[in-house]
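A short write-up of the structure that comes next.
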Amino acid sequence: MSYLCLGPMSAGKTLLLTCLQKPDSVNFTSHSVPSVGTNLYTIKIPPIVIDEKDVNQKIPPPGKRKELVQVREVGGCLAPIWRDYLCNPVEKLIYVVDTSNLCQISAAGVLLYSMLAEPRLQKTKFLLVLSKMDLAYRQMRNEALLMLQMEKFQKQIPQHITIIQFSAITKEGIDEVYDWLAMN
């Protein structure tokens, strides 16, 4: 099974995956070069820290949580040919949208809708990452979801889409992304 990371150019895919791979390597001075082609990232999932005070914490049974995953990033310039990367069944797909760039969201939505309509992705688990939250004001998250028409689409599609706000700089959402990647 494979994991893919897709999204339009400059959405934050490389920074997201770099941050997941080496969280301490990304800070406010970090930047990345647009990916031309594909990159393969091996991500080690950190173990769950058990908080004895939290009685509601759910701990997955042994063997239900992955410790290592490989994610193929498809560069934004290759987004129009994303179907070429569906040779193997895709178990999980990370779709990254830059929330600080409202002009890009409609184009990002068209690409996302085409993926959701793809027959080979009907059983794929989707993660919609609203990236660059450190640059966006909080209302932009709601505007982005409204522009993507997520509430409407979640009622009409067979796939379940998990939505996570993420910032590689502040590490907001990093634990949620790790949890999503680790669960079977």
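Keep in mind that glycine also has a Cβ here, set from the backbone N, Cα and C atoms.
In sequence order, Ser32, Val33, Pro34, Ser35, Asn39, Glu73 are the residues near Thr14 (GTP binding site), counting only same-chain partners six or more apart with C-beta under 8 A. Per TrEMBL, GTP binding site is recorded for Gly7, Pro8, Met9, Ser10, Ala11, Gly12, Lys13, Thr14.
For Thr14, Ser35, the entry in TrEMBL reads Mg(2+) binding site. The number of other CB atoms found within 10 A of the CB of Ser35 (Mg(2+) binding site), across every protein chain shown, is 18.
Of the chain residues outside the GTP site list Gly7, Pro8, Met9, Ser10, Ala11, Gly12, Lys13, Thr14, Gly76, Val96, Asp98, Ser131 have their Cβ within 8 Å of the site's Cβ mean position. With every protein chain in view, the residue among the binding-site residues Met9, Ala11 whose Cβ has the most Cβ partners within 10 Å turns out to be Ala11. Take the binding-site residues Gly7, Pro8, Gly12: by the count of other Cβ atoms within 10 Å of each Cβ, the lowest one is Pro8. Note: Ser10 (GTP binding site) has non-local neighbours Pro34, Gly76, Asp98, Asn101, Gln104, i.e. same-chain residues 6+ apart with C-beta under 8 A of its own C-beta. Over all protein chains present, the Cβ of Lys13 (GTP binding site) has 29 other Cβ atoms lying within 10 Å.
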